[in-house]
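Step one of this worksheet: look at the structure below.
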Amino acid sequence: MSKYKKLALPLILVLGIVLIAVFGKALSAKSAVKDNRTEVVFWHEMGGPSEQALVKVVDGFNKSQNKYKVVPKYQGSYDEAIQKILQTHNTSTSPAVFQAFDISTAQMLHSGYTTPVQNFIDEDKYDVSKISAVARAFYANDGKQQAMPFNTSQPVLYFNASLLEKYGITPPPVSPSYSDITRVAKELYEKSGHKVKGMTVQVYGWFLEQALANANRQLANNNDGHTGNPTKVNVNNPDTVEFLNWIKENIKAGDFIDYGSGANAGANQTAGFLSDKVGIFIQSSASMGQLSKSNKNKLGITYFPHPDGKKANGVSIGGAALWISNDKPKDVQRGAFEFIKYTLKPEVQAQWQKSTGYLALNKDSQKTDILKELYAKNPESKVPGEQLAHAKANFSNSGILMEGMQLTRQLEEVAMETVYNGGDIKTALNTADKNINDNLTQLNKANGFK
Amino acid sequence: MLKTSTTDAIPDKKVNATHRHSFRLNAKDKYYAAVFLGPSLLVLGLFVFYPMLKTLYISLFLTNTLGNTTVYVGLGNYVNLISSPDFISSLFVTLFYVFAVTFFTVALGLLLANLASQKLPGIAIFRTLYSVTMGVSVAVAAIFWLFIFNPSTGFFALMSSWFNLPVMNWLTNPTSAMWAVIITTVWMNLGFTFLILLGAIQSVPNTLYEAADVEGASSNFQFFHITIPMISPTLFFVSTITIIGSFKSFGLIDMITKGGPTNATNMLVYRIYKDAFYSGNYSKSSAEAIILTVIIAFFTLLQFKFLEKKVNY
């Protein structure tokens, strides 16, 4: 008996090795046989339902032709992906085409790691006039298209229309002022017997920047970086103060609920909104897919609110663009551009808007049945696109082309949190200004900018 | 009693000291030394010493967008950090967190271990329950507690509304956010600490307690004068591990507060990560890493110098 026992372990090991050898070979053979297409590695940062929609876009491209195969790879959050992209450049793991978010545009531009898509546009005589000009302008420099906008969103204000109806509250106008929203929020809080909080604004630097854009105020000098590298930032300005005062007023009235910052806050406020705990919140139009799908209430949408007694200047776009790395061979870069062209097709963009809430960038998308059906079913889903069409692009609402925007945003958020927790607005903004400018000066020095 | 006790470290030191004087290597020994030390030196050099030196090097420069060193600033990064109120508050926040976590982990662990060491029917169930958090991963724990802290739909919010109390927003108030992170970390640590301390308490010889019983000592007296002294080496071990572990705490903070609100939970390690991999400011984060290294080294030394002497049987 003991003789066999001694044999058991080596026998199992040998058997295991044989099994792995046989089936492992079969498995690897399978993947090798697949095809001889050129592989185009695509890094993206879309999670949740948006990722599923994106994978469908990629599958569609892979089926539409047989020369290239795009391989999508999820890279975590927008913030974390930037350093991965920059630090893996010129290695075998780097992507051929990647998605980088709006505020990293200056970094990508200065890195010199990308091939401007303009090169391919010129080669192919590709007609870009169909693509939203506002979105294109965001990722262009010196008249050259650097990257192609892909997922483009607008910040909008969502409200629970069913709750407003229930308590007999007049809904806010399509382009509301701060006091319009305060009125609705206070009424909702009072009429519901303090059961429903009126509003929330997530601690998110993007919203603060958008409030400035909508008030036609520039955050950085040199026209928010569009006419030269910024050297000074001015967060402490009357428009930021007005924006924060608006929030502070609602905090004092008790109708405001603070969910904090970051992805958790975003998830918590969505949960709060869907479960009738809060009536109004500001979020990207990209949340629409999720909000209309799992909502038992009627969803209301308005433009981003603007300061009282001022005309709305329009907000800038958010989202991300697709860039082509220049460390890959010609044919791979060509494949990357073919993929980009595919993502901009009217039907693809229309389906993208329908499933995610990002805006269709191709003007012809509006004529597709997909969007016509969507608008017929949910008329409110037109609002973000109308807001975008309404805005006349100028320097204040075309984004901030500046290095160090990620830290800038964190510091803006610290200022917002300070105010939400009862701190003085002026002091908080002065601290933010000092820290942002210190960082900017150092970055400009390190990069050799003047 | 104390004088005659010997710890493992003392004879070791003696052996080393005598060897150092009569240490002559012949050619064959040198060959063996190279063969045996080579691989580990290579690995350590490549993955530990080279990155350490590189961090020190980067911390003396400014880095550009691509992460390359460009302008030499000497100790400029360090001066900036030490004069920045943000960084100083981060330091204090970290120290507060480390000591609060260590204190509560060890105190609660000791309490539970002492309770569970009673020989009662069914006690095994409690032993399992108390150590169950050992099997919970950081991500699961973070999400579990996030559900509890949620101000609209969370468990604490529900409880408050049952009793008509104002809902506390745990994660947006700087003070309560810190406590939320501490509670979660202590909860995570408790299983391991409990198990180690339970083992220590159970290995205390029963004869000591029997003798104390004969003398008529109360159970409180027995706990403080028999149990605690007998398990002091384990207590020392557990607190060292917890202190070092909490200095390095990252996952829970990343998932629960992301360092916020108003940097109230922005511990050093998280700050290093954010400065490097969010903001791309490698020089600043390298300087912060060096400062953290110095602090941890300081505390480790302190513990070995002072606490080890206090450990007694």
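Just so you know, glycine gets a Cβ as well, placed from its N, Cα and C.
What TrEMBL says about a protein is an automatic prediction, not a curated fact.
Here TrEMBL flags B:31-49 (among others) as transmembrane segment.
Tertiary neighbourhood of the transmembrane segment (B:56-75): same-chain residues 280-283, 286-287, 289-290, selected by CB-CB distance under 8 Å and a gap of 6+ residues from either end. Per TrEMBL, the feature transmembrane segment maps to B:56-75 (among others).
As annotated by TrEMBL, transmembrane segment applies to B:87-112 (among others).
Taken from TrEMBL, the feature domain 'ABC transmembrane type-1' applies to B:91-303.
If one looks beyond the transmembrane segment (B:124-148) by at least 6 residues along the same chain, the residues whose Cβ comes under 8 Å of a Cβ in the stretch are 112-113, 115-116, 154-156, 180, 183-184, 187-192, 194-195, 198, 251-252, 255-256. Residues or ranges marked as transmembrane segment in TrEMBL: B:124-148 (among others).
The transmembrane segment annotation in TrEMBL covers B:178-201 (among others).
Sequence annotations record features per position, and here TrEMBL assigns transmembrane segment to B:221-245 (among others).
Sequence annotations record features per position, and here TrEMBL assigns transmembrane segment to B:289-307 (among others). Packing against the transmembrane segment (B:289-307) from elsewhere in the chain are residues 52, 55-56, 59, 78, 81, 91, 236, 239-240, 243-244, 247, 268-269, 272: each is 6 or more residues past its ends and has a CB under 8 Å from a CB in it.
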